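**Q** Please see the structure below; I have some questions.
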Amino acid sequence: DVPKGPDSRGDSAGPRRGSLYDRHCAAINNGQGDLGDLGCHLHRARVPPATSTPCCQQHSEEVCESCLVKTTLTAENVVEANKLSNNYKFGFKKWKSHVTARPWEDRSEIVKELYSDLNVVRGSGGSTLTCGNVLYLLLFGWWLSLLYVLVAAVMFLTVLGAPYGRLCWDLAGYFLWPFGKVIQKVEVPKSHQACEAGVGESSALLGGPTPRRWLGTGHWHRASTAVWLCLGYPVLVLAHGLVCVTSWLLIILIPVAKLSARAASRVLLLPPEWLLTRRLRMTEVPLEGEVILCCYRAANPYYYKYTVDGINVFAVNLLPLVLVTLVLGYVDSHNQLSGSAVKFTLALLSIMPLSYYIGMAIASISAQSNFAVGAVVNATFGSITELTFYISALIKGSREGNRCYAEVVKSALTGTLVGCVLFVPGLCMVIGGIRHQEQRFNSRSAGVSSALLFLSVGGVFAPTLFSKVYGKLVCGECHNVTQNPLGHYLCHNCHFDLMDNNGTLYYSHVQPLVYTVSILLPAAYLIGLFFTLKTHTHIYDIHISDCHMPGHHHSAVVHWSRWRALVILLLSTLCMSACADLATEHISPILTSSTISQYFIGVTVLAMVPELPEIVNGIQFALQNNLSLSIEIGNCIAVQVCMLQIPILVLFTIFYPTNFTLVFSDLHVYASMFSVVLMNYIFMDGKCDYFQGTVLVMVYFILLAVYFFAPSPSGC
């Protein structure tokens, strides 16, 4: 993409061009921030073909306007390139995480340390008196050391277990403060030596390879070993298991989890005479014998990046919550163990990891498939999280004859629309603006989403506006404030009645309008897909370059194959349906007993909790100065709410009659229209900063305050 230099001639043109291209990529990548840890580069540096010299002589963080023509992506392999390209396609889920394993040599030293085993001795580890190490001492060190002392006393009392008693006494001092100390295997018979694999992301989850069990040696035939395995080892394994699980859930203390797992699986199973515990001097580097454990830090704040088979550690830790929710929800159906509020909260929290797994599966399938398959998967499962909850709520409301569920669904739809238009891009602008003074985005692609938003909002609220014009105003109670029959009346609980004269207005006018809108909106969505993905692809103008970092590998090692991703997608969808059913089953007491408006519950909790994985993706894109994707995340969700989710709910009511009608309250109409207008005004010039993001976030919170103080819908 970079033209030849003016003095490039003959055979030397090729090498000179390659050298200039490499320098060009390096300069742009460095100007975009710390993209080395992402495994991909994004820069806009397309030089017009007619230009004989580069338009930018110096590629700084501010790239000249004539270069902002093409978005060039550099990926590690074909699958990752497809994923990055899909991020820029309208209607496709934007996914930040890698769907393939990154080459180990391309990872930063910080990330490499996350996956390393605790058996590396460093020359100068620095001071071991840190906040994380003190936290370990307060949470685990003191009682774990005391337990080792008690086990040592028991072993000494058995006489036969005296060797293990001495080992436990040494380990008591070690686990009280293990930092800057090592546990070595000082004597290893040659017949028992095994070659352990190198450190990498595929290393054992909690501390390296599992040791061989020397079942044929004399160690396992000793009487002392039998005493140890019966009296000492089980107690310590339970203690280390508790430490391992607790520290793993805390995430930043994952090194402690590795320490405990390695101690239970290897240290405590070796002969005591093979082990030596010692403190390292600051200048001491080489040690004779194998180092089994060597830890310097109990906490590492970068463990939020840790992944297990491509799955973020937060999603891994929240997965057991789904199982607890399902078991507790369906086993304790009479609320004997916990109340409805607890079960509703657990069901709602369980939706977050399931949304992550669904998003990861969709991104994996789309990256490994052709365009048609990716489009079908995104259109089918892209909104499955929200639709599952909405349909479950409408079914429950229809069975109970309660209109509140339909109003809650409308509030959730409006809350998702307003939140994705105001809160998601506003928050991304604020957080991204902290690192980057001014951020630019593709105003043409954002204009397509904005136009669809205007169209969809107008179509969705057309039946509501129609009912306001032709409906009959009916009030629940009226009082004469002047004591004069012809005077003024004060009325409460007024609404427009569409069922007057046996519902002639609704069935003859409003309902056909609703069905017409429900057909036109998906058709407009398909036209938008065809426009952006087929006839006007130059709007995004994505180019996959072969410029890459040193150590780049073209072979793709995917985390999830297509079949595995499909199975996970179906299982996650099934669990999502069960959690949505539990949430709607136990939301009724909250709606009836809570003093908070049902409007507020719908537009906040029910609307934004399922979108948390998308919000996190948007923030990560904004931090890497890629605000275009952050904005597209919110716009795509808002467009799908109006053009796909609402028509599907209307279609569902045809086959399963519910209380859901496409007539919204005035508050929903005004909040949605004002949000869309404000968003288009902010995004008009194609650049933004943290102040504009603050405006969007503040307006969102003002609308939340309005919903909070608003009275509950009539009939609830």
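Cβ coordinates are placed from backbone N, Cα and C, and glycine is handled just like the others.
In case it helps, TrEMBL gives these features for our protein:
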type	residues	note
DOMAIN	131-181	domain 'Inner membrane component'
DOMAIN	342-462	domain 'Sodium/calcium exchanger membrane region'
DOMAIN	565-707	domain 'Sodium/calcium exchanger membrane region'
TRANSMEM	134-157	transmembrane segment
TRANSMEM	231-256	transmembrane segment
TRANSMEM	311-331	transmembrane segment
TRANSMEM	371-392	transmembrane segment
TRANSMEM	412-434	transmembrane segment
TRANSMEM	446-466	transmembrane segment
TRANSMEM	513-533	transmembrane segment
TRANSMEM	565-584	transmembrane segment
TRANSMEM	596-616	transmembrane segment
TRANSMEM	637-656	transmembrane segment
TRANSMEM	662-683	transmembrane segment
TRANSMEM	690-710	transmembrane segment
**Q** So which of 134-157, 311-331, 565-584, 596-616, 690-710 has the most C-beta pairs under 8 Å when paired with the transmembrane segment (371-392)?
**A** 565-584
**Q** Using a cut-off of under 8 Å between C-beta atoms, tell me which stretch among 231-256, 513-533, 565-584, 596-616, 637-656 contacts the transmembrane segment (690-710) the most.
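**A** Comparing 231-256, 513-533, 565-584, 596-616, 637-656 against the transmembrane segment (690-710), the winner is 596-616.
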**Q** Please figure out which one of 231-256, 311-331, 446-466, 596-616, 662-683 racks up the most CB pairs under 8 Å against the transmembrane segment (637-656).
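**A** If we count Cβ pairs closer than 8 Å to the transmembrane segment (637-656), 446-466 scores highest.
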**Q** Taking contact to mean three or more C-beta pairs under 8 angstroms, with sequence separation of 6 or more, is the transmembrane segment (596-616) in contact with the transmembrane segment (412-434)?
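**A** Touching, yes - the transmembrane segment (596-616) and the transmembrane segment (412-434) meet the threshold of 3 or more Cβ pairs under 8 Å.
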**Q** Count the CB pairs under 8 A between the transmembrane segment (662-683) and each of 311-331, 412-434, 446-466, 565-584, then give me the winner.
**A** 446-466
**Q** Taking the transmembrane segment (311-331) as reference, which of 412-434, 446-466, 565-584 has the most Cβ pairs under 8 angstroms?
**A** 565-584
**Q** Cβ under 8 Å, sequence separation of at least 6 from the ends of the transmembrane segment (565-584): give me the contacting residues as numbers and ranges.
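**A** Answer is 322, 325-326, 329-330, 343-344, 346-348, 350-351, 354-355, 357-358, 360-362, 364-365, 368, 381, 384-385, 388-389, 392-393, 395-396, 405.
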